[in-house]
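This report concerns only the one structure given below.
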Amino acid sequence: MRERQLFSGFLLLLAFVSFQKLCYCDDQTVLYESFDEPFDGRWIVSKNGDYEGVWKHAKSEGHDDYGLLVSEKARKYGIVKELDEPLNLKEGTVVLQYEVRFQEGLECGGAYLKYLRPQEAGWTPQGFDSESPYSIMFGPDKCGATNKVHFILKHKNPKSGEYVEHHLKFPPSVPYDKLSHVYTAIMKPDNEVRILVDGEEKKKANLLSGEDFEPPLIPAKTIPDPEDKKPEDWDERAKIPDPNAVKPDDWDEDAPMEIEDEEAEKPEGWLDDEPEEVDDPEATKPEDWDDEEDGMWEAPKIDNPKCEAAPGCGEWKRPMKKNPAYKGKWSAPLIDNPAYKGIWKPRDIPNPDFFELDRPDFEPIAAIGIEIWTMQDGILFDNILIAKDEKVAETYRQTTWKPKFDIEKEKQKAEDEAAGSADGLKSYQKIVFDLLNKVADLSFLSDYKSKITELIEKAEQQPNLTIGVLVSIVVVFFSLFVKLIFGGKKAAPVEKKKPEVAESSKSEDETEKKEETAAPRKRQPRRET
């Protein structure tokens, strides 16, 4: 009896804790869409004529879980879900999270969400399109050289009144497999924003930092004066030809670069009267050859067998050699320009659009919109969440995304193992590509990211190129490493002595002659060294 009472008490406590947790989540959850039920009536499909893509309520492959499906390729899609009331982004923590699965893989398509401003800004759900005003755009996009998880703020400049898109710099890459992935953006009151992929932090930034967003949210204090003009007498030439220099009397500009080698002699056994090529004695005229239609038949040419045993055939001429008197076109040497003033740039003036903020002046969000133009079908959206606490997002990740992801990963692993070495190579390639995508996200490789991404794209489309791509990327990394280590160093000046230079030149000429003499020649119709 006592045990029964203890057990009942435990169940009551468990129910109370669960209820508290549920109340906590509900209190901190602004919107949650599981798509367990059909979306008709809750989501509004754009009636804009350009958006012909058909949305479907469909199961995720291998699960009983439903989502919002992009059902056709090469279509524009538009759909909106309105919030019960607009959310103020200026107060407290805001968490944006959703799942997306590329069930047919991802070659060229976007799967980002737009968090839309109130309709007073000039849009309607039925007319939703690419111009509908948003406050934040977030999510994966991959096509060609583009491979990123977007995080874009659309912020109003209080001075100019213009809305400007501010893009997160060096965003994380998009996983390219067919598994379910969950994307999370966490915005904190101290202006910190964190981007998570599958619960793992991939990027941390500051909303007001010019190093993290392009263009910076806060404009520069000064700008180049658009009215400032370069003076006509401004000289930007650091070096000029020496006006006092005179061409030496012995400088012959007409001397040829090469002259005949008068010391050369015709090799013994040279066959002057033998042609290099002769008619093929074994060739015969085809039976269907018509002289009137095809012209007079001629036997194909072959190498003259007599020339193979001889040093050469045909008319012999002396070979050419470098002309020691050659100097080329004379030009005056360069000297420092006494009138040099440096590279001109306009003076800086105060920026009329400059402003300062302690916190971004976000416009509230009143709806979620999916507006994409994709060449890919099979894109499945699920478990869309807006919350005020990141713990809520973590709870949903663990209860809705993680179980599906684990099942999909195990299934993929089993398929790879069952398929043997061929699929084993695919698994190896996946690891390689995932690693390369992470490396491409490093900020100091930003100048090289497009090149690396292009190579990865080619390898994904042609897996047999994986090794070649790895070699190419290693070359890029090695070149960058050499540039970073040695690029800024200048070689110490080396004093050259004339006798040594002459000796060196002589040695090089002798080497070239030896190489020319030693080089095997099948035949030499005109010249021989």
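Positions of Cβ are set from backbone N, Cα and C atoms, glycine also.
Heads up, TrEMBL stuff is auto-annotated, nobody curated it.
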Bond partner of CYS143 - disulfide, per TrEMBL - picked from CYS25, CYS108: CYS108
Long-range environment of the compositional bias 'Basic and acidic residues' (224-240) - Cβ separation under 8 angstroms, sequence gap at least 6: 334-337, 339-349
Other CB atoms within 10 A, centred on CYS143 (disulfide bond): 16
Secondary structure content, the compositional bias 'Basic and acidic residues' (224-240) (per DSSP, counts of residues): 0 helix, 4 strand, 13 coil
Residue counts (helix, strand, coil, in that order) that DSSP gives for the region 'Disordered' (207-315): 9 helix, 20 strand, 80 coil
